[in-house]
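> Not my notes, these are from TrEMBL:
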- 103-117: compositional bias 'Low complexity' (COMPBIAS)
- 118-130: compositional bias 'Acidic residues' (COMPBIAS)
- 343-353: compositional bias 'Polar residues' (COMPBIAS)
- 141-270: domain 'Cytochrome b561' (DOMAIN)
- 39-60: region 'Disordered' (REGION)
- 103-135: region 'Disordered' (REGION)
- 320-353: region 'Disordered' (REGION)
- 139-160: transmembrane segment (TRANSMEM)
- 172-196: transmembrane segment (TRANSMEM)
- 211-233: transmembrane segment (TRANSMEM)
- 245-268: transmembrane segment (TRANSMEM)
- 288-309: transmembrane segment (TRANSMEM)
Amino acid sequence: MVIVWPNSDGSITISQRQAPSHIMPTVVSDPPRVASLDTSSSFSNSSSSSFTFSLPTTSGSSGQTPLIWAYGSTNPSSSSPSANLLQHVGMGTTTLDLSAALSSSSTPTMSTSGGSDSDSDSDSDSDSDSDSSSPPKVLIAHVSCAALATLLFLPLGTLTPRIARGFTTRRWWFPTHGSSNGIISLALIIAAFAIAKHNFDDEGYNTEHRVLGLCLFIFMLVQASLGVLVHWWKIDHRFKIAGRGPMNFIHVGFGIAIVFIGWWTAWLGMTREWPSSGYTPPHRGLKIGFWILCGFYALVYVLGIIFLLPRQLRLESNRVGQSTQPSQEELKSGPMIGMSGLRQGTSNTSTIE
């Protein structure tokens, strides 16, 4: 393999290495084919990098020749050809037609999804440029699904019960909460994960964004199951706080954690994964807007805890108190019936969600 990287002093290092598997490649001191860097056509600046090198062909290589390419986001800390390397963050394949007459501006079409594209038409320069500069539709679909889930439906679905319960003990808010988090957000995250798994899984979970994306996918499945247990099955717990069992508190705490994990996953995808894929880094205004939106959601939730949670507890306490009051008919029927009414009223506290 031929590895090229720029250095802080303006020089460019070319290193020929080999590796028997997915491990750190080691330098080949005497390669059978020596690669030569074309310094006049190679450059690196703050906006882009381009490296050109020549390599003798092997005997019989006169037609379609497959090529594997990869790139990393962090340069080695040394200009030495034997410097330690960090694992690349993206790779793919392409095919070079060595029998075709290529102009000086021709570039092969590369597939970032790990597929193989053939550059059989040496005059398709405009198509190659378009493919390399525009993100593929599957990437746009992945970003759209993940952004809608983590920045819209998950936060709104979490805020809905926090605010609504401060004004009423009725469950009119539940359809909004359940559909936003348990249906729409879950479906979008499953779709985003499936798109990434099918199209961008060549290197596995080798970045923080990908690891968190996997965690978010698993956590959402667990949270949906907890929601079913809390809102439908209503498992009776021996120990309760304010009429709620431990499952309720786990569901709430886990939901808040998922929202924050979703935000951080989206942030890493926008600021690290996207630029490392060769696309223009997000504008500063987009980054500021991201944190303003997340900060707004967090502020509303905190204010809901400070001002609406005490009100919610009072409303629920009043409801429980009313349900435990024996009726006039029960009072007239004698103390035993009255005690039965009290026990029946106490059991109603388990229905608080």
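Even glycines carry a Cβ here, placed using N, Cα and C.
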> Any residues 6+ beyond the ends of the transmembrane segment (139-160) with a Cβ under 8 Å from its own?
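Same-chain residues near the transmembrane segment (139-160) but 6 or more away: 173, 176-177, 179-181, 184-185, 188-189, 191-192, 195-196, 199-200, 213, 216, 255-256, 258-259, 262-263, 265-266, 269, 274, 277, 290, 293-294, 297, 300-301, 304.
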> Excluding the flanking five residues on each side, which residues at least 6 beyond the ends of the transmembrane segment (245-268) place their CB within less than 8 Å of a CB in that stretch?
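Apart from its flanks, the transmembrane segment (245-268) reaches 146-147, 149-151, 154-155, 158, 181, 207-209, 212-213, 215-216, 219-220, 222-223, 226-227, 229-230, 235-237, 239, 290, 294, 297, 301, 350, 353.
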> Restricting to the domain 'Cytochrome b561' (141-270), report the mean pLDDT as a whole number.
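A mean pLDDT of 91 is what the predicted model shows over the domain 'Cytochrome b561' (141-270).
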